[in-house]
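Working notes for the structure below.
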Amino acid sequence: MTTTIIGFPRIGEHRELKFITEKYFRNEIPQEELLEAAKDLRAKHWNIVKEAGITEIPSNDFSHYDNVLDAAVLFNIIPKAVQDLELTDLEKYFALARGYQGEKGDVRARPMKKWFNTNYHYIVPAIEKDTEIKLAGHKIFDEFQEAKNLGITTRPVLIGPFTLLQLTDFEEGLTATNFADSLVAAYGQVFEKLAELGAEKIQLDEPSLVKDLTAEEKALFLRIYQTLLADKKGLQVLIQTYFGDVRDIYTELTSLPVDAIGLDFVEGKETAALVATGFPADKTLYAGIVNGKNIWRNNYEKSLAVLDAIPAENVVITTSCSLLHVPFTTANEEFEPAILNHFAFAVEKLSELRDLDAIRNGQGEVALTANKELFALERVGRDAALADRLAGLTDTDYTRLPVFAERESIQREKLNLPLLPTTTIGSFPQTKEVRSTRLAFRKGNISEEEYDAFVKTQTDEWIAWQEEVDFDVLVHGEFERNDMVEYFGENLSGYLFSKNGWVQSYGMRGVKPPIIWGDVTRLNPITVKWSSYAQSRTNKPVKGMLTGPVTILNWSFPREDISIKESTLQIALAIKEEVLDLEAAGIKIIQIDEAALREKLPLRRSDWYSEYLDWAIPAFRLVHSTVAPDTQIHTHMCYSEFTDIIPAIDNMDADVISFEASRSNLVILDELKAKNFQTQVGPGVYDIHSPRVPAVDEIAHTIQAILAKVPKEKVWINPDCGLKTRGESETKASLIHLTQAAKAARKEL
């Protein structure tokens, strides 16, 4: 046996890539300095993997922003509006991801979507009628050569052609089949060039194979690979899958003339059963046995049992997916050893792979014994009172009365808001001063009184500014919060927090997911203090801002000893207490964000309700089911594809929902109309994940497009997400344009 990984974290042990890239974005360093720093980081990572004893090391898993974007640029899948910009190649690359607004033009960023069922986001490629697919880039070759110069012959990694086409937007009238042949030809050129450079093997990632496949999609996949594999240019080809099993195409996949196939034995419910039916003797099986998405130690006995049952003769032990989705290393953490021993971040998972390989070769008895002893321990006790509360829940606990239509009338009279009410999603820019002051308080360098005075000043300034700009429903800005999940987790039992557990979410944006260690209950009121203070500074309604139970669960590293359903319901009871406290404090509009609702939705439609929505939607309803009819409940959802779960979202029984719509050209509105969506809606009228400032006319045009699909009585005007990561000047300029556009639209009603 040998060992490998599908991919390694890119941003660095201390987020080096983030900080150097942001310097480049601020024009503080030239392009050459950014590229050199990235080169140094890649070398460091390759050497870490090599020194850990991993026998096959990937390359081209690094990205300056996103690996799907990298593939699009490699094959010249670049919209004409960006191609025509007189910018460097790197500037065009970032323009696709972030938009561009300057002397040389004004283009919007490409849409972002969730990467399958993770909190990573990819930039959606776009193929237009004039797109000429060809080999245009050189990143994959440069990085292979870099590693080779270090004495490391790597296995280059590239998004496979089928998945790349599946993730691409096509101009009207075009389909993937129109471009399959030209894309296959370009991949063939990649094979040829890599072979010339001395590569022995290439990894083509095809995670789209774990989804439901139509007959047409299967035919396209087979057409692509039968052509591509007809001339491999001397390379060995590994088709790598992850995030599930390949039940729809296992027979056809294993019949292809590939050299190796990577299968997920962690999330792939049927992978073991599929392999048990037989695996070709002339192929190598890359067995994804170490969880690439969670941070708990691998149970060696269980993994060895799975490996022992595999009938394949040639097996490589690997991770279930790229290690992009876990933090870098536990070496920088400060947990007690009794806690830390239960965790394995990316670097530690390399050791787990090596241990499993050694044990299989009869050389890892010490490691196996230590692992058995770890799993023999009772890690954490259970909360009996909490278990009783959960057991006592009935249908009425998940039902809010009166029904939506009656509440809508009551709230309209009570709140007395104008048509097209304006609001924001919750957070305002967290400047360097905000972050440094919070850090000083956490370190004990300033007193609680000093910190509170600072937060009050920030809140006062932004409440006053919102009144000045004439927003209808205000927010307090969340200056006291570091992260929308961690802030709540710090006030809940059962949570642990890493010091340096950063994971890439999109571009240079990192998140630090907390760890659910035990049973979850609320320790004390969390948000009432600052929501009440903000409300005392204005006569306009100020939204209470909460993170919903499903999102808290999905943006944490969950337990593996109980179901995620049970953990989510525990969190729901805790957040319910907070909702009722806010209501008692006089907060009349309470937003319960479910930004990550879709994230753990199974990739196969047949599992959507039974495995997820049947408990995730009730968990949200449990949180707000007992508030008064005149308390308005909002929710917010981030970048995801919602069009196919519209009825489930309506069934959340919120009064208002806001969501991303601007980057995706408001396509969700047609589905809302078709499904007779009842909840009031705030489709984001501009994209906050790009630094460009939308013009008033641009926002006005978006508002008119919304009003063409949604009754004016049900429309709210807001950005598409929180503003914490944006600059203050661009934020204020954009929001002023938003309110101006909304007022202009009202006059036309």
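Heads up, the Cβ atoms here are built off N, Cα and C, so glycines get one too.
Note on HIS689 (active site, proton donor): other Cβ atoms within 10 Å of its Cβ, all shown chains, come to 23. Per Swiss-Prot, the feature active site, proton donor maps to HIS689; the stated evidence is sequence analysis.
Marked as 5-methyltetrahydropteroyltri-L-glutamate binding site by Swiss-Prot on the basis of sequence analysis: ARG15, GLU16, LEU17, LYS18, LYS114, TRP555, GLU599. Reduced to three states, the DSSP call for GLU16 (5-methyltetrahydropteroyltri-L-glutamate binding site) is helix. Annotation for GLU16 (5-methyltetrahydropteroyltri-L-glutamate binding site): same-chain Cβ neighbours under 8 Å, separated by at least 6 residues, are ALA37, LEU41.
Per Swiss-Prot, the feature L-homocysteine binding site maps to ILE425, GLY426, SER427, GLU478, ASP593; the stated evidence is sequence analysis. The C-beta environment of ASP593 (L-homocysteine binding site), restricted to residues of the same chain at least 6 apart in sequence and closer than 8 Å, consists of GLY426, MET484, MET545, LEU546, THR547, GLY548, THR551, THR635, HIS636, MET637.
As annotated by Swiss-Prot, L-methionine binding site applies to ILE425, GLY426, SER427, GLU478, ASP593.
Look at Swiss-Prot and you will find HIS636, CYS638, GLU660, CYS721 tagged as Zn(2+) binding site, backed by sequence analysis. For the recorded site, GLU660 (Zn(2+) binding site), the DSSP three-state label reads coil.
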Other same-chain residues whose Cβ falls within 8 Å of the Cβ centroid of ILE425, GLY426, SER427, GLU478, ASP593, the recorded L-homocysteine site, in sequence order: THR424, VAL475, MET484, MET545, GLN591, HIS636, GLY722, LEU723, LYS724
Of GLU478, GLU599, GLU660 (the binding-site residues), the residue whose Cβ has the fewest other Cβ atoms within 10 Å: GLU599
GLU478 (L-homocysteine binding site) to CYS721 (Zn(2+) binding site) - Cα separation in whole Å: 14
LYS114, TRP555, GLU599 filtered to the binding-site residues whose C-alpha is within 10 Å of HIS689 (active site, proton donor): none
Closest of ILE425, SER427, CYS638, GLU660 to GLU599 (5-methyltetrahydropteroyltri-L-glutamate binding site), Cα positions, binding-site residues only: CYS638
Residue among binding-site residues LEU17, LYS18, GLY426, HIS636 with least C-beta crowding, 10 angstrom cut-off: LYS18
Cα separation, GLU660 (Zn(2+) binding site) to LYS18 (5-methyltetrahydropteroyltri-L-glutamate binding site) (Å, whole number): 24
